[in-house]
């Protein structure tokens, strides 16, 4: 391990969320693992136990953790990886000027201070979670995931309500490590976990598990810095992002990515083609297999957990996009289409896919097979180009599986609501039930500035139908690079979509948090309502805009109805009177015409301006 010279360290957001604590559960098969979750404490008057929720925020919300961005996070998986005996350290490649877009001097982002020798598979070995699963091995990663996915299930076992529609998914009442192994072995789930990203807490992406969300970050040629991108990553996972994609397209790509990975407790994905293009000065026609191969190894050594590879864009499909309203909207897809047309030959990604698999299996980099021909408008949804590419992605999935590589499939895009289910059904059939990972989809094209909403609608639907991971869309989609606030809005929007899908699919214990918040709402436990919400800060601030005093936090009304017309307060009164007089007497009273509003006392009247 080498340590580079010191320099100013970027600052990131830390600290617990309101009324929350970080708790850890130990493994049974692998006692050394400690699975984090967030425990939300309720008000003593509730008489209810704390509510545990899935937590992807890493040590940044742990008050007992020491955060040192220039040192990176604890390498929790390092011993697990080495103990398997199938990896070897080596010197790795040297960083070249083109890795950082030829940035130099003051424009060059400093290297990450700590450098560990990269690992790779020993000759003839596959070090993927898929290879282990097929061999019948339950890895520590698999047990870690089982504990994570079971949050709330054991406590709620007797009261589990399974009234959802899962559209053929096989969601168990209780997730065992063996179930995780089976799903991975069958290719229906992936565990993105590069052996060179030991800081990552294991998670799973699959139709029979909780729906996950991804947040995109990354610099561009005109804006953002390393410090901003590291903070965006930390900020995104604070609010619930399960993975993060670094889509940087400007200078300093290598060094920025190193800072992100070393400080990320969630899997990091990339589109290697973007960096490869920077290495040839942005000229797509000058891309070569050698440049791309070198970029794959560079990123695999750093610890990238999944690659988006646009190998499904074939020369013969490009003409199918000519009459589209919006043509080819995928950056990677358009780059490869331009390359294919210029050279009039098949993409080097398609031609060298076997070799790409060999690289991925040596580091356990999962495939995210890119949808380079996805529709960029609802007018182009479900067209011949989109589904031709999907057929090729199905073929590539089989090739990758044959080499023990983990695979998920990327999906659209822009799709109106009535065409969404066809996408899910075709993907399951064509790609052998490999996990589906979709961008939205956006259900209408008329709302720039609000595309987190247009896409959130489609995301909830396709998540219900079976998509395993949803890629967030921010309000800045189609308009500009998202900032910190946009990242939060996108993450919260997609947490709503993913959770709504979990509820609709009938995931056990998915409703525990909803019911706890509903009881708090009915009992006017305002602090519990805020703390149980996905965004406690916003919920509290909206309430306090009109009722700011501490006394209002225990009031039995809000500013929507006021004390006189509060429906829940009226319901409390009806319930109390019903218990007192009996249901039959109450029914007779209200048939005769009784008052259905509460009298308000002078003490409860809000003063002017409150």
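The backbone N, Cα and C atoms fix where each Cβ goes, and this holds for glycine too.
Here is what Swiss-Prot records for this protein:
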BINDING   216, 245, 274, 310, 330, 331, 332, 371, 372, 373, 374, 410, 437  substrate binding site
BINDING   414, 478  Zn(2+) binding site
BINDING   558, 561, 566  [4Fe-4S] cluster binding site
(Q) Going by DSSP, is residue 216 (substrate binding site) sitting in a helix, a strand, or coil? (A) strand
Q | Reduced DSSP assignment, residue 332 (substrate binding site) | A | helix
Q.
Need one number for the substrate-binding residues 216, 245, 274, 310, 330, 331, 332, 371, 372, 373, 374, 410, 437: the maximum pairwise CA distance in Å, whole number please.
A. 20
Q: Sorry to bug you, but what's the C-alpha spacing from residue 478 (Zn(2+) binding site) to residue 274 (substrate binding site), rounded to the closest Å?
A: 18
(Q) Roughly how many Å lie between the Cα atoms of residue 330 (substrate binding site) and residue 478 (Zn(2+) binding site), rounded to a whole value? (A) 12
Q: Give the distance between the Cα atoms of residue 372 (substrate binding site) and residue 478 (Zn(2+) binding site), rounded to the nearest whole Å.
A: 17
Q: Using Cβ-Cβ distances, find the residues under 8 Å from residue 414 (Zn(2+) binding site) that belong to the same chain and are at least 6 apart in sequence, listing them in sequence order.
A: 374, 375, 376, 377, 378, 380, 381, 440, 441, 442, 445
(Q) Neighbour count, 10 Å Cβ-Cβ cut-off, for residue 332 (substrate binding site): what number do you get? (A) 23
Q) Among the binding-site residues listed here, 274, 437, which has the most company in the form of other Cβ atoms within 10 Å of its Cβ? A) 437
Q. Among all the protein chains here, how many other CB atoms are within 10 A of the CB of residue 372 (substrate binding site)?
A. 32
Q) Among 374, 478, all listed as binding-site residues, which has the most CB atoms within 10 Å of its CB? A) 374
Q: Return the member of 216, 332, 437 nearest to residue 478 (Zn(2+) binding site) in space, with distance defined Cα to Cα and candidates limited to these binding-site residues.
A: 216
**Q.** Cβ neighbour count within 10 Å of residue 330 (substrate binding site)
**A.** 24
Q) By a simple count, how many Cβ atoms lie within 10 Å of the Cβ of residue 216 (substrate binding site), its own Cβ left out? A) 23
